[in-house]
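Features reported for this protein in TrEMBL:
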- A:Cys534, A:Cys537, A:Cys574, A:Cys577: Zn(2+) 1 binding site (BINDING)
- A:Cys543, A:Cys546, A:Cys561, A:Cys564: Zn(2+) 2 binding site (BINDING)
- A:304-471: domain 'Helicase ATP-binding' (DOMAIN)
- A:569-726: domain 'Helicase C-terminal' (DOMAIN)
Amino acid sequence: MLEFAQAEHTDRETLFVEVILPLAIAKNYTYRVPYELNDSVAIGKRAVVQFGKSKLYTAIIAGIGKQAPEKYEAKYLVEILDDKPVVTHEQLHFWYWLADYYMCNVGEVMSAALPSALKLASETKIMLNKDFPVDRSTLHDKEFLIVEALDIQPELTVSDIVKLLGQKQVMPILKLLFEKNVINISEEVSERYKPRKRTFITLNPFYNDPDNRRELFGILEKKAPKQADAVLAYIKLSRQQKTISKNELIEESGAGAASIKTLIEKEVFIPEEKNVSRLYFEEEEAINNFELSEQQQEALKSVSDQFAEKDVVLLHGVTSSGKTQIYIRLIEEMIQTGRQVLYLLPEIALTTHIIERLRVYFGANIGVYHSRFNDNERVEVWQKVLNNEYKVVLGARSSVFLPFNDLGLIIVDEEHETSYKQFDPAPRYNARDAAIFLANMHGGKVLLGSATPSFESYYNARTHKYGFTELSERFGGVEMPLVEIVSIAEETKKKTIQSHFTSVLIADIQQALANKEQVILFQNRRGYAPVLMCKMCAYTPKCINCDVSLTFHKSSGKLHCHYCGYKEDSPTICPACGSTHLEYKGFGTEKVEDELSLILPDARIARMDLDTTRSRNSLQTILNNLEEKKIDILVGTQMVAKGLDFADVTVIGIINADSLLKFPDYRANERSFQMLAQVSGRAGRRGKQGKVVIQTYDPGHRVIKQVIENDYKDLYFTEMTERKSFKYPPFYRLINLDIKHKDPEVLYHQAIYLAKELRKHFGDERVIGPQAPLVSRIRNFYIQSILLKFEKDAISINKAKTVIRDTITQFQTTKLSKGSIVQPDVDPY
DNA sequence: AGCACGCCGACT
DNA sequence: GTCGGCGTGCTC
């Protein structure tokens, strides 16, 4: 990779640098260093270079050499932006590894890794930073000129500024302006992270004194009994919990918001706005009660012990078992040794106040890195990590790209979360896997934590590649929910089932509603009915692009394709035979919602799926309504399974578990299991016993049994190693490809050709497809993936990559295709 | 990623 | 006869 060694040099020599450009190009380019910059060049610094006819880019110096290139005349680099490298040698190593592993260009990795403010290019947009009004008299002439121009035209590109100043060297000026907070650089219009605020109430310490308090009551009881109630309620609540929100107080006391407001004005109550989260309640409790239980202590010790031998340990802890507390102890230990810690969380979890809590705990040592932070903030974190000012970084997947010097520990929380994998632009990396490589590079350790570990991590743990530790009890005496399996077949026979709801489920829902508790119903299909079928000729409308049956949506009255979004009007007569006997088969969330409202007309029912949450704030609104108890029953798809914790949800109903159980491949089965376990884990909190009702035609199904017994640890493993009846046995790897073409015919031929090539190299049994699985994966004019069978050491994924790479290159030269080929992506599962 | 070059269809 | 579509190839 780094072909040039760092050169010893004097002023007189001509130096050449090899730079990484933030573009999807296959190789690095060499530039000539002007004499006066000889002393400034260093690996990891940013250089501004002209690439192509007129474009300027910020590149990273990846190597320095003295040899002039033979085949071409190297251009001079324009300028060096940094005094000190902004990218470390380790990072460069990491970039190259990532590019190789995920089959993309280093430039693409660079693009993903650097905050955009560090990547000034000619088309980069410059704006005034409105948050920081700056005293303009302190600006130099040229800076002033830029600021004035921005007054007239709020958005300028770097090229505009080049024209404005009549000079090529503008980057250093812009860099300075950025550092002075005068300008913003290319801030994406993405939604800014808005923490959710809630008002908390504390009693003025003045009234902690018994005499003062008595006096207060004396006055209030006569003049304002409602206010007296509020104060009493506060005192009552303060015995049970540490923090009291305004809403809780209103509810407990029966006094109105006005009374509380008056008390605040009288300075009896002191309000405080705090960021709160609706997600991950367990974290709050975890950090408030900081005594490790016996089981936690054992788990902590077990993790530490295993780190002596293993680089990675999987911590499997059921929902609410208090994994966070173990993380905190480990972080503390690591900081004491002076090494850095990276705490990875899935995107959504980061909006929580776990950040706040950890700040309290670790002070200014902790940094947060988040895609919804703006660029100024991101660059700030970058610099502080580089300067070793942050010992702990809490971040989403992109924080694996931060310039760590000495990473001792990476915690990957909710290790199974798919949001760790980046899908859309290359590099299509999984931060969990990248983290393992990263830690390894630094000689650090990785702790993977999850209540429902991913298949592959479980496998690695069971084969002793990873260490393994378990937390099987909920923390703080919270009971596991009761799980009841109800046979749909039996209730149908006894005629006790109404629509899709068994008598057991209805009874539980009614009980919950009577107790003013809430219910979540899970149905893993959106829309009204997934299939429309002609009763006469069995015709079903299919998507013109994707060849899957179209789902009927009652809300739009149309048939939708859930793969590509194609829509058409729902026919009233069969297009094939003209019959009017069309039948909706199966059911989705829309139908569940519809029919439940007939059975329970008084219940307030809401639906949460992709259709109801598409618009900007709708998800927020639904969650708020649920929390404020404006919703009694929430019907939803997988969305309801993810991290939603509400104290008053006591009943979870799984309308039809079978839709989760009959998937043909292990990976889908893994997901079903996780889904069931995650949904079930939501029932009951804070002293309330939860209940899970699973409706199924197949009560004896293994997966269901495992859920009841909470014994899924063996499930994965047995599925992987023993069961032969699965269509795709273990050790198959899904290799994600990204071959694009507008003509599905061409794609089809490419798919077949690719499979043929792979067969030639790996033998018939190892390659699945192309006909069934591979071709069915052609969607939206992409070949998305191919399945390969990997038996332990039999073939390396690298060989497969090489073959795929070669074959795909051939596509461009053979008559097979005129299509453009996008970088393939190997999914390391 | 941009951008130029070049080869084919539909227009003032 | 040209304008403009995008397929292809190159950028140090």
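Backbone N, Cα and C atoms are what each Cβ position is placed from, and that goes for glycine too.
A:Cys537 (Zn(2+) 1 binding site) falls within neither a helix nor a strand when secondary structure is assigned with DSSP, and so counts as coil. Reported as a whole number, the C-alpha separation between A:Cys561 (Zn(2+) 2 binding site) and A:Cys574 (Zn(2+) 1 binding site) equals 18 Å. Note on proximity: among A:Cys537, A:Cys574, A:Cys577, the binding-site residues of the record, the Cα nearest A:Cys543 (Zn(2+) 2 binding site) is that of A:Cys574.
Same-chain residues with CB within 8 A of the center of the A:Cys534, A:Cys537, A:Cys574, A:Cys577 CB atoms, the Zn(2+) 1 site residues themselves not counted, are A:Lys535, A:Met536, A:Ala538, A:Tyr539, A:Pro575, A:Ala576, A:Gly578, A:Ser579, A:His581, A:Leu582. A:Cys577 (Zn(2+) 1 binding site) falls within neither a helix nor a strand when secondary structure is assigned with DSSP, and so counts as coil. Secondary structure at A:Cys543 (Zn(2+) 2 binding site), taken from DSSP and collapsed to helix, strand or coil, is coil.
The Cβ neighbour count for A:Cys534 (Zn(2+) 1 binding site), using a 10 Å radius over every protein chain in view, is 21. Other C-beta atoms found within 10 angstroms of the C-beta of A:Cys577 (Zn(2+) 1 binding site) number 12, with every protein chain shown included. Within the same chain, residues at least six positions away from A:Cys574 (Zn(2+) 1 binding site) with a Cβ under 8 Å of its Cβ are A:Cys534, A:Met536, A:Cys537, A:Tyr539, A:Thr580, A:His581, A:Leu582. Among the binding-site residues A:Cys537, A:Cys543, A:Cys561, the residue whose Cβ has the fewest other Cβ atoms within 10 Å is A:Cys537.
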